[in-house]
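Inspection log for the structure reproduced underneath, given as structure tokens.
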Amino acid sequence: MVAKKPRVVVVGAGISGLAAAHRLCGAGGDRFEVAVVEAGDRVGGRILTSEFAGHRVEMGATWVQGVVGSPVYALARDAGALGEEEGRGLPYERMDGFPDRVLTVAEGGEVVDADTVAGPIEELYRGMMEAARAGEAGGGGGVEEYLRRGLRAYQAARSAGGGGGGGKELEEVDEALLAMHINRERTDTSADDLGDLDLTAEGEYRDFPGEHVTIPGGYSRVVERLAAALPPGTVRLGLRLRRLKWGGTPVRLHFADGAPPLTADHVILTVSLGVLKASLGNKDTAGVGAAAIAFDPPLPPFKREAVARLGFGVVNKLFMEVEAVAPSEPEDVAGVQPAAAGFPFLHMAFRGHVSKIPWWMRGTESICPVHAGSTVALAWFAGREAAHLESLPDDDVIRGAHATLDSFLPAAPRWRVRRIKRSGWATDPLFLGSYSYVAVGSSGDDLDRMAEPLPRGPDAAADERPPSPRLLFAGEATHRTHYSTTHAAYLSGVREANRLLQHYRGGANHTT
């Protein structure tokens, strides 16, 4: 008998797939034959650094959510992406951190007082979300109703304190401010409707400690370093998986466009939850679109049900190069000097008073420069607004932006949009969205189910050893506490590589 190396095929060259391959090729030494197959023409998946108007911008993953103990932060440091040489690097998103001051404006141009109106509502929102993430919210259901209950209680307490609570007009501003923060939460979580975001699950979500930062050299540097560390030829681009026959050994992978099939002892599947949702119940992918994978046999019920219950939304970014087209005398508007300091950090409370603003623009919380003084402004969109943004011609997007700016910044200077750049994750057939969330009716248990390898449970082997994991699952939607993040994707890839390492260290033989 001649021992042969177990063959592992990793599907997807995002950070999860590259992490799995890197771990197998590193800790595994020469134990495995590893291949990474990627449907697209690049590595990185939902990590994609680009350039726009002289700035380095992130079209996908943007933040390192906590720097203390974060493997992604460590990877960025090791890749030399955290410190650009002075004069060589491009300016980049949030290079100056979070702004100290923002300009909150109600639709129509009325500046909202930061101390007496905007500040208390922001404190209410932050306090309630902190309580939810500490598991102290109480009850279940969706996050939106939880926040609205809090607003009603706040307004009742203010009214009981005298002065009649500020009247109907102030309550309308309160509602608009809460809606603004709800839009922020939608982009943070990818949920189209916060009524569908499970309140209880918020208590399980965790970030790493420390500040949230962006990567000066670009997020793509992280995945490029992982890919470069793999043996030459490990990553194969342009192979779109169409059928996965996993019922026996070897597992067989069939690709689109007549590419030769591959066989493997183990497959680590790192495709997005959006692609898995598109693949549900379809043994034959004809007519389903380019995204779906035909599983043969179909995925077992526990896996299909977890895929169906979990939420997977879309978040898109709209970058706008802006310019002031009319000069103005320097004037202090609520502590902000637009003419002198450039485009303001604008937070927008929509009240429905200006019909020229299109509905999809009302789904963003803010339009802010990517750093202080920048002529590149950024707006985030989630859900139906994000998806609709992808369908619009550039001219329509610019007109919508102009209508919004004219309403919220009516005083001189008038800000105009010269050109735009936007992401398009909803219609990208390799992803069909951005990241996962725990929907009402789902739970963290479904994230654990997503991570379970197949086949599940003991085989018929007499020694009752666990079955050899033929199909393993990694990606951000398979991590119970860090889902939706790049570090969840990375950690899950390492987890599945470790699962295979442990399987063979446990005494499994592979001979032919």
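Just so it is clear, glycine is given a Cβ too, placed from its N, Cα and C backbone atoms.
Features reported for this protein in Swiss-Prot:
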type	residues	note
BINDING	Glu38, Arg46, Glu476	FAD binding site
REGION	448-470	region 'Disordered'
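Where Swiss-Prot records a feature, it is marked here on the structure.
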{"residue": "Glu38", "record": "FAD binding site", "contacts (Cβ under 8 Å, 6+ apart)": "Gly12, Ala13, Gly17, Val235, Arg236, Leu237, Gly238, Leu239"}
{"residue": "Arg46", "record": "FAD binding site", "contacts (Cβ under 8 Å, 6+ apart)": "Gly14, Gly60, Ala61, Ser272, Trp425, Phe431, Ser434, Tyr435"}
{"residue": "Glu476", "record": "FAD binding site", "contacts (Cβ under 8 Å, 6+ apart)": "Ser16, Tyr435, Ser436, His482, Tyr483, Ser484, Thr485, Thr486, Ala488, Ala489, Ser492"}
How would DSSP class Glu38 (FAD binding site) in three states?
strand
What kind of secondary structure is Glu476 (FAD binding site) part of, going by DSSP in three states?
helix
Taking only the residues the record lists as binding FAD, namely Glu38, Arg46, Glu476, what is the largest Cα to Cα distance between any two of them, in Å to the nearest whole number?
17
In terms of DSSP three-state secondary structure, what is the assignment for Arg46 (FAD binding site)?
coil
